[in-house]
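Annotated features in Swiss-Prot:
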- 1-62: transit peptide (TRANSIT)
- 64-222: domain 'Thioredoxin' (DOMAIN)
- Lys84: N6-succinyllysine (MOD_RES)
- Lys92: N6-succinyllysine (MOD_RES)
- Lys92: N6-acetyllysine (MOD_RES)
- Cys109: active site, cysteine sulfenic acid (-SOH) intermediate (ACT_SITE)
- Thr147: phosphothreonine (MOD_RES)
Amino acid sequence: MAATAGRLFRASLIRHVSAIPWGISASAALRPAASRRMCLTNALWSGSDQAKFAFSTSSSYHAPAVTQHAPYFKGTAVVSGEFKEISLDDFKGKYLVLFFYPLDFTFVCPTEIIAFSDKASEFHDVNCEVVAVSVDSHFSHLAWINTPRKNGGLGHMNIALLSDLTKQISRDYGVLLEGPGLALRGLFIIDPNGVIKHLSVNDLPVGRSVEETLRLVKAFQFVEAHGEVCPANWTPESPTIKPHPTASREYFEKVNQ
């Protein structure tokens, strides 16, 4: 009886170990959840060949593209410290910055989320909302918000943190790393009609520029309002170009004196 139980245990253990993603040790996979998350995080940020091998997004879903309608999403978010169901429909008539980050309680992620939150009023001034998304639960989001910033937490938030626990939103937006089961740093600017105007995806170790995101929102809005196009490094104080062979000369003569 004992021998049979031992064989069953060893067979179960072998199956468990064989299912562990590359770049993560068997001993790490058997640790408690918090320890496993730290091990997973270290492996993904290590830049090793095994970690890079795990960086494969799903090929069974059509990735969204600029000029196409944004994939629909719905889920539970933490908004002003409360749980709230939100969806893409809630942002009709507004610009939306939807950005994905890998995990709560990590390192680069809080710097990005806090930076967007601190600039929330400037986004609101141009009729734009900001929503952050990760594969963590809304309970994890709330716990992170309730953690002081000096301890790596988020503190008070002026933007929504959306839970994608099923990973379906990340998958639909083409940013899910199927192996480790987390999202790359994808950022989408969606216009009031639900059309994607901009998308970018960073590898895990590098954060994004909030100032550049705000500049892009303003640029797309300027084009819509004035019918002129925005040159490289455009700011609201910069000259723009009339998209016509003759009329465009005004701009080129002005900047090339």
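A Cβ is built for glycine as well, from the same backbone N, Cα and C atoms used for every other residue.
Features recorded in Swiss-Prot, as mapped to the structure shown.
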residue : record                                                  : DSSP class
Lys84   : N6-succinyllysine                                       : strand
Lys92   : N6-succinyllysine                                       : coil
Cys109  : active site, cysteine sulfenic acid (-SOH) intermediate : helix
Thr147  : phosphothreonine                                        : coil
Item to check | Lys84, Lys92 as modified residues, winner by CB count within 10 A | outcome: Lys84
Item to check | Neighbourhood of the residue listed as 'phosphothreonine' by C-beta distance under 8 A, where only residues 6 or more apart in the same chain count | outcome: Phe105, Gly153, Leu154, Gly155
Next on the checklist: What's the number of neighbouring CB atoms sitting within 10 A of the CB on Cys109 (active site, cysteine sulfenic acid (-SOH) intermediate)?
Outcome noted: 21
Checklist entry - Could you tell me the C-alpha distance between Lys84 (N6-succinyllysine) and Lys92 (N6-succinyllysine) in angstrom, no decimals? => result 17
Checklist entry - If you measure Lys92 (N6-succinyllysine) to the residue listed as 'active site, cysteine sulfenic acid (-SOH) intermediate' at Cα, how many Å is it? => result 27
